[in-house]
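Asks: Shown below is the structure under consideration.
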Amino acid sequence: MVLQTQVFISLLLWISGAYGDIVMTQSPDSLAVSLGERATINCKSSQSVLYSSNNKNYLAWYQQKPGQPPKLLIYWASTRESGVPDRFSGSGSGTDFTLTISSLQAEDVAVYYCQQYYSTP
């Protein structure tokens, strides 16, 4: 029997200021992945979060486990926070981004959020 691990994906909306609302949409809503297999979570921004002056994408990924605050995994779309296992990786640019867990572990069961920080209230 294949052990299935449910990875719950959620949606984070970040309301911007002068640039107009930037809406972040994640897919899929939930994902069933076997332990040891790859999990892929997509995030789409309603407008580009790539800042042309420094060529950086203002996009972060967070992991939240029950009863705990969100933990930063990835910033600048693809830079892993210190201490985050290398099975977590981020990719994408402009409006389309992906978080990949290359080999899902039991401790990875959580809610995952993408967040733009290109514009803030």
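If you go along the chain as it appears here, the first residue is 1 and each next one adds 1.
Cβ from N, Cα, C; glycine included.
Pulled from Swiss-Prot, these are the listed features:
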{"type": "DISULFID", "residues": "C43-C114", "note": "disulfide bond"}
{"type": "DOMAIN", "residues": "21-121", "note": "domain 'Ig-like'"}
{"type": "REGION", "residues": "21-43", "note": "region 'Framework-1'"}
{"type": "REGION", "residues": "44-60", "note": "region 'Complementarity-determining-1'"}
{"type": "REGION", "residues": "61-75", "note": "region 'Framework-2'"}
{"type": "REGION", "residues": "76-82", "note": "region 'Complementarity-determining-2'"}
{"type": "REGION", "residues": "83-114", "note": "region 'Framework-3'"}
{"type": "REGION", "residues": "115-121", "note": "region 'Complementarity-determining-3'"}
{"type": "SIGNAL", "residues": "1-20", "note": "signal peptide"}
Asks: Using DSSP, tally how many residues of the region 'Framework-3' (83-114) sit in helix, strand and coil.
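Replies: Each residue of the region 'Framework-3' (83-114) counted once, the result is 3 helix, 16 strand, 13 coil.
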Asks: Are there residues at least six beyond either end of the region 'Framework-3' (83-114) with Cβ under 8 Å to its Cβ atoms? List them, or say none.
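Replies: Beyond its ends, the region 'Framework-3' (83-114) has Cβ neighbours at 5-10, 12, 24, 26, 33-50, 57, 59-65, 70, 73-74, 77.
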Asks: Treating G and I as helix alongside H, and B as strand alongside E, what does DSSP give for the region 'Complementarity-determining-3' (115-121) in helix, strand and coil?
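Replies: Here the numbers are 0 helix, 2 strand, 5 coil.
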Asks: Under 8 Å Cβ-Cβ from C43 (disulfide bond), six or more apart in the same chain: what's there?
Replies: M24, T25, Q26, L59, W61, G92, D96, F97, T98, L99, C114
Asks: What are the helix, strand and coil residue counts for the region 'Complementarity-determining-1' (44-60) according to DSSP?
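Replies: Its residues divide into 0 helix, 8 strand, 9 coil.
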